Each structure stands twice: as C-alpha cells, then as structure tokens.
Amino acid sequence: MDDHTAEKDILDESMKQSDANNDTVVIGESPLEFSGLGDKEELTRQYGLIGLTGVAVTVNNAWVVLGSSISVSILNGGPPGVIYGLIVAVFYYSFIGLSLAELASAFPTSGGVYHWANVAAGPKWGRITGFFAGWINFYGWMFGLASLVQVAANAGVQLYATYTPGYSSEAWHVYIAYLIVLWMSSLAVIFANKLIPWTQKCGLVLVIVGGLVSIIVVASMPSKHASNHFVWGSFNDNNLTGWDGGVAFMLGVLNGAFAIGTPDSITHMAEECTNPKRDLPKAIFLQIGLGGLYGLAFAVVLGYAISDISVLQNGVNAFPLAGIYRQATGSPGATFGLLFIIFLSSSCCVIGTVLTNSRAYWALARDNAVPLSKMFSRVNKTLSCPVESTLFVAVVASGIGAIPIGSPVGFSNLTGSFIIISTVSYAIPFACNMSTGRRHFAPGPFHLKNLGWVINGLAVLFIVLFDIFFCFPLALPFDATTMNYNCVILVGVVFITSVWWMLHASRHYPGPMFKDTFIHDEREQANGEGRDQ
C-alpha cells in the first residue's frame, strides 16, 4: 500500500467516526494553505480577480456563442425563441451558479465538482461518487471545447467566404479550420502559459468592447428594421420543428444554455488564483451577469436586423450569424469586421477552454483516476503547465470535432452533449450535499445559509427538467441522420466510466487526499484549525 492510499484510509476512518458521532467533516478552511490535495502545489498562483474574470467571461463569451449557435434555436420560434429562451436559461443557470459559488468559496480546488462530490457524499460513497462526477464533468467539457472551437472555425471560414463570391462552405472546410484553431490554442496554453492571464484580460476587453461595437453596428446600420411582432411575438410563425409550441420552446432553450453554460470553468483554476475563496464566486457571478446582459442585448438587435429569415434556416450545422450581418449591414467590409470580432473573441474563448480542460484532466490524473496517471499528472516546471494532459485534451478534441462532418445535426449534438453532461456533473455534488445535510463543508466567505436548501434543490430540479427536453429529437419527423444522440452520448459516457471503475478504479483509485482536514462539531464555529475530540 503506498503512502497516498494509507493517508486516504486514515482520512476515511476519521470521516466514518465523525459520521457516527453526528459531527461534520469540514474540508479546507484555508485553501490558500494547500493545493486541494495531499500533493504539493505545482502551479503558479498568477490569477487575481481581473484575470480570473477575464477567463470566465472569455470562456463564456455569451453574446458571441449565442449568435454563433443561433442555428440551434432559429427553427424553434425565430427571434422570440432565441430571446425568451436565453432569459429562461439565465434564470435557471443562476441557481446553478449560486450553488457552484458556495462550494468554490468553501473549498476551492482544481478538481471542482470532482472533489466536491467526493466530500459531499460522505465517507461511504464519496470515492465512487467523486470518481463519476469528475469523469462526467471532464467529458462534458470535452464536448464544450469541441463546440466552442467549431464556433471559431465557422467564423474563420465565413471570413474567407465574405470576399469569395460563389464560395460554398463544406463541413470538411470547417474541420480544417477547427484543427488549426484548436492546435494553435493548445500550443499557446503549453508554451505561453505565463502570458495566458494577459490574453484573457485582453479577451475580457474584446468581449465587452467588441460586443458593444457589434450591438451598435447591427442596431444602427439596417436600412429597415423588422417589426416588433416579428422580434417579440412571431414564435408560432417561425416554429418549423414539427413540435407543438411548448416543446419547441423548451428545446430552443438549449441555445441560451449554451451561451451562458460555463459557470464551473474557472473553478478548475482554483490552484492558480491568489485569493480563490473570494474571487471565484465573484467571477462566477460576473460571468453569468455580464453574459446574460450582453447576450440579451445582442439577441434583440439581431432580431430587428433580420430582413429575410428563410435564408437563415438552412440547418443546424449552418452559420446564420454571417447571413444576419450581411442583411444588417449590406456591406462586405462591415460584415468582415463584425465576423473578425467574433473570430478573435472565439479564439480567446478556446484558449481559456483548453486551459480549463487540461487542468480538469490533470486533477484526475493526480489521483490515479485516468489511464497512465503518472504521465498525465506531470507538470513541466519550466512552463508551469501539465503538458501531457494538455496534449491529450487536444487529441481527443480533434476526434470529437469530426462529428459534424458526418451528421447534419452534429453541431447540436456537440452543444447539447456539453450542456447535458456538464449539468449532470453539477447535479451530483448538489444532490449529495443535500442528502448529507449540507454539513461536510466549512462555510466560506460566500455561503447560502438556509437558502442553500432551496437553491440547491431548484438547481437539481431544473437540470433534470431541461436535460430531459434536450434529449428530444430536434424536429419531427426524424431519422437516423437527424436523430438527437445526446441521450446516447450521455449513456455512453456513464458506461465507459463504469467500465473504467470496474477495471481499474475500484481497486487502484484511492480518491483525492485532502490536506487540512479536521472534524468539526456543528455546535461550534469553524476557525480553520483542528481541535481535539
């Protein structure tokens, strides 16, 4: 038995004794004193609140993602479906964000939901629960990365198309652009890691200023604007899904969810933050707030800029935003400029997402939860980067990005799988935290107190509700090529994780080893120090 496993056994025994005595296991009263695990810190703490918010906002990139993925909902009620769907998505993601912020404030760690599920489930179920939550979250982020790279690739192809008369984009053209964007971003994360905080600050400025410029241009340049009825009340007129209005609307919420659905992205950078307990919740709130505000404004001006919606309804894999820009501006130069903003913003987004994914996989590797853990848990000291984990993420994303080549609804499968799989991983620690009485975490600077029961419960309820709808076929009738495979992908993810658990983890995965762990009686105030029992 190695030292890590022995320490984990001691920890588990203390947790069992605490449960028997109705005590609370308090994890990490002062995360600045440790790396979240029983291992020494290996990453440089280089992110303050501004840098962290830059990563959060650029990874989220809400207005860009909303406009670039509008093909997911343009058939589900036109502009009203896009606008109202975003509002609903912001509403239910607010409960998710609050729940994540509370956990991040109590116990900031690069493992994120993986570590929180391990703690929240208690000593009996923590190891297997955390293992599944960590792997499911990682899979979700892999589909998220593929979706976001697809956005940047589509924007790049449309830049070329703007000044190339007669050009018709093909799926493989987009895939070539996809590979270029993905691998350039991955190399930037590896070899320019120390510059990433500055690129994300620039990305923050680009998202905010570029969004404002785009909104003003699209709002002011059209020679004629659409009617108020078209923007706010034409849902039934533009519901081309074959579903009735209620189902069509719920399916269209996916566009809004994809636009603001990255609230846990920065939690995987907790061990690179200077003040994670306070800054992580703030950055999560800023991400959802700014994302929702900019996304709503952009959705409204896009609705008024559309003069012919029929040319925008060419399938889920299409990129209708370029068509809206052409209709709004009537100028190739203006269209090119607006698309260039999309491309730059998306590229910053991809860099931040590669960073998030590589840290998530590295956190799993440190705990012997992945194949070849010793290799993938390494950190290059010179580059301050888990190089092998980053390369692995890029290789897997290269394969996932090929899905839209063979499926006319491939892009929707990417976005839907990201939202479904990632939110399932969020629901696991939320549900476990409630099932064990919300008593396994010391309150951080941001704590929901008694409202936590309601907020956590609503977060889980909304996740279950919308994930069920996001598994419905996108339109009726459907066949094997237009089927929604999100549910199949989710089952596949759980199946693969289960197989790996049985083959390896059930015997060789000790679970994360948390430092500064102590037993805390609920009647006393946690003070950051252990006490005698």
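Each residue, glycine too, has its Cβ placed from N, Cα and C.
Curation plays no part in TrEMBL annotations; they are all automatic predictions.
What TrEMBL annotates here:
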{"type": "TRANSMEM", "residues": "47-70", "note": "transmembrane segment"}
{"type": "TRANSMEM", "residues": "82-107", "note": "transmembrane segment"}
{"type": "TRANSMEM", "residues": "128-152", "note": "transmembrane segment"}
{"type": "TRANSMEM", "residues": "172-192", "note": "transmembrane segment"}
{"type": "TRANSMEM", "residues": "204-222", "note": "transmembrane segment"}
{"type": "TRANSMEM", "residues": "242-262", "note": "transmembrane segment"}
{"type": "TRANSMEM", "residues": "283-306", "note": "transmembrane segment"}
{"type": "TRANSMEM", "residues": "336-362", "note": "transmembrane segment"}
{"type": "TRANSMEM", "residues": "383-405", "note": "transmembrane segment"}
{"type": "TRANSMEM", "residues": "411-432", "note": "transmembrane segment"}
{"type": "TRANSMEM", "residues": "453-476", "note": "transmembrane segment"}
{"type": "TRANSMEM", "residues": "482-503", "note": "transmembrane segment"}
- Query: Based on Cβ pairs under 8 Å, which of the stretches 242-262, 411-432, 482-503 lies most in contact with the transmembrane segment (128-152)?
  - Reply: 411-432
- Message: As a test: from 172-192, 204-222, 336-362, 383-405, 482-503, pick the stretch that has the greatest number of Cβ pairs under 8 Å with the transmembrane segment (411-432).
- Response: 482-503
- Task: Output the single range from 47-70, 172-192, 204-222, 242-262, 383-405 maximising the number of Cβ pairs under 8 Å to the transmembrane segment (82-107).
- Result: 242-262
- Take a look at 47-70, 336-362, 383-405 and tell me which one has the most Cβ pairs under 8 Å to the transmembrane segment (172-192). 383-405
- Task: Would you mind listing the long-range same-chain contacts of the transmembrane segment (336-362), meaning Cβ under 8 Å and 6+ residues beyond its ends?
- Result: 43, 55, 58-61, 64-65, 67-68, 110-112, 114, 134, 137-138, 141-142, 144-145, 148-149, 151-152, 155-156, 158-159, 162-163, 181-182, 185-186, 188-189, 196, 199-200, 202-203, 206-207, 210-211, 213-214, 217-218, 262, 265-266, 268-269, 272, 321-322, 325, 329, 370, 376-377, 379, 385-386, 389-390, 392-394, 397
- Message: Please identify the stretch among 47-70, 204-222, 283-306, 383-405 with the greatest number of Cβ pairs below 8 Å relative to the transmembrane segment (242-262).
- Response: 47-70
- Cβ under 8 Å to the transmembrane segment (383-405), counting only same-chain residues 6 or more beyond its ends: which ones? 43-44, 142-143, 145-146, 149-150, 171-172, 174-175, 178-179, 182-183, 186, 189-191, 193-194, 317, 354, 357-359, 361-362, 365, 375-377, 411, 413-414
